[in-house]
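Participant: The signal peptide annotation in TrEMBL covers 1-17. Taken from TrEMBL, the feature domain 'TGF-beta family profile' applies to 262-375.
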Amino acid sequence: MLGTVLLGTVLLLLALAKPVCPSPASRRAEALKRLLEVFGMEDPPPPPAHVKQPPQYMVDLFNTVANADGVTKNPDILEGNTVRSFLDKTHSEKMQFLFILSSVAKNEKILTAELHLFRLWPRATEGPKRHHLCQVSVYQLLERREPDDPPGGKKLLAARLVPLQGSGWEVFAITQAVRDWTADESSNQGLLVTVQGLGGSPLDPPPLQFASSRDHHESKKPMLVLFTDDGRRGASLPTAGFPGGSHPRAPVLPAEVPVPVRSRRSPERLQPCQRHPLSVDFEEIGWSGWIISPRGYNAYHCKGSCPFPLGENMRPTNHATVQSIINALKLSEGVSSPCCVPDKLYSINLLYFDDDENVVLKQYDDMVAGSCGCH
């Protein structure tokens, strides 16, 4: 009886010790988790509850910074590596605004903060027009107050003269206020905008109106735009923009010199080091609900041999050339031939909805193999 029990215990321990191969589903989940880490996230943001159009400013900025595949046209266009947009949460007709910044990470450095207000066409008025300009002032509210309350403590952030004729976006820099809010979330009591005459006298009714967050089209709603940097940077390979600066097409690699195939047993191994397509489809991996642009991109990958002697078309480093010679002459044991790897990497940009349905433009370094070489 004891022998039977011992045998059963041994078999159970062996069964527990036997390695279990992960299922395809668990491997996919682990792979997607690792991919999210590359994009600086722990979990994918949920898709917006309702069909939502991103602010046109953010779409235009994406198209300025990146080509259709999201690859950066010029790395110097964007200040920092993140642009966040926030819509007003007060839904008030009064020119008082509140932006919730809880999605800004603690490690993000605030570089620039801008208040974007859409100036409406002036209303028709009777009699001669005595004013052509008015002064618009933006204040940081220092006390909690309701939109209908009289002005309380406030701090002037920006002021300038604005023409009464015409319409369009007016942008005010409010960087220091946003830095205060991110340092102490409880200090965020919102913003107040006033319109005054040239002598500083209040105008009632004000001849200039800005679109509110309640009564106007989504594309004209008040918006706060933050340019930040989260400190995530690429490695040592060059990450400059494509040749030609803002030219949207992919870089043209030097013509590869074909290597004749001498053996039918391993023709692929004898192909020269070169770049090959590697498609990343966000819809295929289930991310299309929260990523606005691009729908996917070509990451490319490097494949091929680096045989002796290394030609200039293989873009070898001096170290790779020496390693190739040592390998060919068998001067040292355990020295392999150089490897075919990316020698230039480009960044990509994602335009997406975050957890709070704010639209974010983020640039990620070292995401596209721009060219390959023997290293």
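Every residue gets a Cβ built from N, Cα and C, even glycine.
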Participant: Helix, strand, coil: count each for the residues of the domain 'TGF-beta family profile' (262-375), based on DSSP.
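Facilitator: Its residues divide into 15 helix, 47 strand, 52 coil.
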Participant: Looking at the domain 'TGF-beta family profile' (262-375) alone, can you tell me the average pLDDT?
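Facilitator: 86, rounded to a whole number.
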